[in-house]
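What TrEMBL says about this one:
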DOMAIN    99-164  domain 'YetF C-terminal'
TRANSMEM  20-39  transmembrane segment
TRANSMEM  51-70  transmembrane segment
TRANSMEM  76-98  transmembrane segment
Amino acid sequence: MLLLQIDYQNIFLKDLDFSLAIEIGIRTIIMFILVLVFLRSTGKKGVRQLSIFEVAIIIALGSAAGDPMFNGEFAIVPSLIVFLFILGTYRLITYLAAKSQTIENLLEGEPMYIIEDGMFTLKEDGDANFAKDEFFAEMRAQNIEHMGQVRTAILESNGQVSFLFYPVDAHKPGLPIYPKPFSKRSEEILNEGDYACTHCAKIEHLSVSSTCNRCGKKEWVLAIDTKREN
Ligand SMILES: [Zn+2]
């Protein structure tokens, strides 16, 4: 019979003794300060919105900083060399991105139109090209009640969404984005009225069930035309 021998000493402590614990403490303080100095020297003011490029830097930095914190086999100076090369590369790429729009778009991504004229933009195959639930939440955070209030929305390269609104007193029905009205969506049309396509947000006056003539889908929800509070 095979007996599973689990060496808890090895899992939890390995070769840890008091002097190694002290060494780990000192290594961690040094590496933490180096990481702070490094992040300050990149010139970033904060980390509220990170681009993909900056996330890559943080990952590279984190893995170079981690090992020498707790592993006695790793010295600090090699990590420092890694830091300097990351910083050099960061500076070089930032410089190139400032010179060339193409390189900047490759690194940071391009701003993308999500809403035009109160409707979702479509790819050639008629598919809206992003996660709608997430975007509805973003719109609700901006006090938007339905798509008819929004003229244009752009997904910026840092993940934020910029909105342009119709005038507050504009009377334009739109796709409701709050969960309760949105949950009443259906392929059936029971009463004649203005309906919004749940896929692309096109508004059509319907009395019978039909497909959206813009995106080809067939799910509708009663449009609303409440005015935006300002
Ligand atoms: Zn549609």
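Every residue gets a Cβ built from N, Cα and C, even glycine.
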Same-chain residue ranges lying at least 6 outside the transmembrane segment (76-98) that approach it to Cβ under 8 Å: 27, 30-31, 34, 38, 41-42, 53, 57, 60-61, 64-65, 67-68, 104, 107-108
Residues in the domain 'YetF C-terminal' (99-164) grouped by DSSP into helix, strand and remaining coil: 22 helix, 20 strand, 24 coil
Mean pLDDT, the domain 'YetF C-terminal' (99-164)? 85
